[in-house]
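Taken from Swiss-Prot, the feature domain 'Ubiquitin-like 1' covers 1-76. If you look up Swiss-Prot, you'll see LYS6, LYS11, LYS27, LYS29, LYS33, LYS48, LYS63 marked as ubiquitin cross-link, on the strength of similarity to another entry. According to Swiss-Prot, the feature site 'Interacts with activating enzyme' maps to ARG54, ARG72. Marked as phosphoserine by Swiss-Prot: SER65. The site 'Essential for function' annotation in Swiss-Prot covers HIS68. Summarising the annotation, Swiss-Prot assigns ADP-ribosylglycine to GLY76. Per Swiss-Prot, the feature domain 'Ubiquitin-like 2' maps to 77-152; the stated evidence is sequence analysis. Taken from Swiss-Prot, the feature domain 'Ubiquitin-like 3' applies to 153-228, supported by sequence analysis. Residues or ranges marked as domain 'Ubiquitin-like 4' in Swiss-Prot (evidence: sequence analysis): 229-304. Annotation source Swiss-Prot lists domain 'Ubiquitin-like 5' at 305-380, citing sequence analysis. What Swiss-Prot records for 381-456 is domain 'Ubiquitin-like 6', and it gives sequence analysis as the kind of evidence. Look at Swiss-Prot and you will find 457-532 tagged as domain 'Ubiquitin-like 7'. Marked as domain 'Ubiquitin-like 8' by Swiss-Prot: 533-608.
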Amino acid sequence: MQIFVKTLTGKTITLEVEPSDTIENVKAKIQDKEGIPPDQQRLIFAGKQLEDGRTLSDYNIQKESTLHLVLRLRGGMQIFVKTLTGKTITLEVEPSDTIENVKAKIQDKEGIPPDQQRLIFAGKQLEDGRTLSDYNIQKESTLHLVLRLRGGMQIFVKTLTGKTITLEVEPSDTIENVKAKIQDKEGIPPDQQRLIFAGKQLEDGRTLSDYNIQKESTLHLVLRLRGGMQIFVKTLTGKTITLEVEPSDTIENVKAKIQDKEGIPPDQQRLIFAGKQLEDGRTLSDYNIQKESTLHLVLRLRGGMQIFVKTLTGKTITLEVEPSDTIENVKAKIQDKEGIPPDQQRLIFAGKQLEDGRTLSDYNIQKESTLHLVLRLRGGMQIFVKTLTGKTITLEVEPSDTIENVKAKIQDKEGIPPDQQRLIFAGKQLEDGRTLSDYNIQKESTLHLVLRLRGGMQIFVKTLTGKTITLEVEPSDTIENVKAKIQDKEGIPPDQQRLIFAGKQLEDGRTLSDYNIQKESTLHLVLRLRGGMQIFVKTLTGKTITLEVEPSDTIENVKAKIQDKEGIPPDQQRLIFAGKQLEDGRTLSDYNIQKESTLHLVLRLRGGV
């Protein structure tokens, strides 16, 4: 018989098969036709991934059935799942994992049955049989987990023609789900639907319960005219606003919509797109702003000002600017006056090179300040390397040179093997595989060369997600230094880090050697969750003690708090939760101990085991 195999690119392959063919045979036929190795193929039918050893007839695949071919991407990745309580779970997945697999992993971690889980990404509810790569979910993406509440309800949707549609929904349904149900009933594509409740337009990624829509509520359906689209507006605080617009809307209209949402008067708004400030009378389509484009909103500080730009030839240019202008805007104004392309301009103020995306007010540039304009020469440049002895070496380099290349040049000049060199710039240790331009090292920058003492060593830091980070340290490094290195690698602020070794929390001012941490030791990194919580500890006498703790506290810390309150030495305490004895080096969050949980304290008898 014939069956069809559809790829993600939309191509359909026709195969001659027998009902008794195994999935392995089918993959071999696909390899013959398309050259795709079987171990990179995943076949899906009726939402299920097919197993190699089963046959077509096992899956009731009949003539002219269509299978879906998904390529298994090499390599695992981490993703995050955020619950409505704000808790974030980290999962190890592959792009080829199905949503069903992901729900099973969540069940393993959190105990929530898959049939009560609904996963949302980019405002869409994810279907069990599809894969992460189908939804373009990449490493470090965040999914949202919504629990499916038992028991549905009816709501009504009223159209502009006066017709009322009845829908069966759940409070946890997203607006997108509701639009899909309307499409099923009425045939109106979701992208032409706008739903209004209590005077508010409802956003696709939100749920009915977010809007407090209850049973027998009535929504109003307005059809979105062709050409309607969503755009995003990002403020300097990092907040992103979503707007419904048409390509023919003027910038003035857009500012009015922002005023409706955020209360900012239009005359205080400046909108930037592709580095350009947008003019009120022009339209979105004039600027080629398309659906899902992001504009940047800068607040116009009252009153413009003049600044001066001095070139290396001694010429001074006067510019009219606002504190909220970006450096990119300033370079555009210089281009207008002097004809110098922005990519050849480097602006310096107070000895610092200014970055395009920052504003004048970010750098505290005030009226009548003077900037210095340096032309960016094509090609090579000189940099300096300063050693701890105070000697300065001059090197000829290119921005595209790697740190490894630079170390080789230092070896040529000074004879120091690269593996004994550590280069520091702007307080950061530079990694071999990165380039000078990655670190924004420009001509006449100064790097600092530190020799890697033979006491240098590697240690490992293990996070609660199971990820292990490798750090280059010295025994004399303080815990504060180690936290700074973790921040460089992982972006976690030191004040949110707690490091544990041998069951003890490490103090910032102490050194690794104080704690006898040697090469290849493993530290445990616990995130200090914002805000503590209370838990209760019940003794066998029936007395209940209340403790102030953090989810990241170790059991050892908790025992120390009990000792402070009750005078019982930690080595005589045994703590029980959910029938399990708790181990000293683990944290409260490891055991899913949440606020107002009750632990049981049992005294360890002398001589006992």
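Note that Cβ sites are derived from N, Cα and C of the backbone, with glycine treated the same way.
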Query raised in the report: What residues, ordered by sequence, lie under 8 A Cβ-to-Cβ from LYS33 (ubiquitin cross-link) and sit at least six positions away in the same chain?
Result: ILE13, LEU15
Query raised in the report: Among the recorded stretches 305-380, 457-532, 533-608, which has the greatest number of Cβ pairs closer than 8 Å to the domain 'Ubiquitin-like 2' (77-152)?
Result: 457-532
Query - Site with most surrounding Cβ atoms, counting all protein chains shown within 10 Å, from the recorded positions LYS11, LYS29, LYS63, HIS68 - result: HIS68
Requested in this report: List, in sequence order, those recorded positions among LYS11, LYS27, LYS48, ARG54 whose Cα sits within 10 Å of the Cα of SER65 (phosphoserine).
Outcome: none
Query - Neighbour tally for LYS6 (ubiquitin cross-link), based on other Cβ positions within 10 Å of its Cβ - result: 14
Requested in this report: Restricting attention to the domain 'Ubiquitin-like 8' (533-608), give the mean pLDDT.
Outcome: 85
Requested in this report: Return the residue, from the listed recorded positions LYS27, LYS48, ARG54, with the maximum count of other C-beta atoms within 10 angstroms of its C-beta.
Outcome: LYS27
Requested in this report: Using DSSP, tally how many residues of the domain 'Ubiquitin-like 3' (153-228) sit in helix, strand and coil.
Outcome: 18 helix, 28 strand, 30 coil
Query raised in the report: Can you tell me the three-state DSSP label for LYS6 (ubiquitin cross-link)?
Result: strand
**Report entry** recorded positions near LYS6 (ubiquitin cross-link) (Cα-Cα within 10 Å), from LYS27, LYS29, LYS48, ARG54, LYS63, HIS68
**Finding:** HIS68
Report summary line: Of the recorded positions LYS29, LYS48, HIS68, the one whose Cα sits nearest to the Cα of LYS11 (ubiquitin cross-link) is HIS68
Query raised in the report: Between HIS68 (site 'Essential for function') and LYS48 (ubiquitin cross-link), how far is it from one CA atom to the other, in Å?
Result: 10
Query raised in the report: How many Å lie between the Cα of LYS48 (ubiquitin cross-link) and the Cα of ARG54 (site 'Interacts with activating enzyme')?
Result: 13
**Report entry** Rounded to the nearest Å - Cα separation of LYS27 (ubiquitin cross-link) and LYS63 (ubiquitin cross-link)
**Finding:** 17
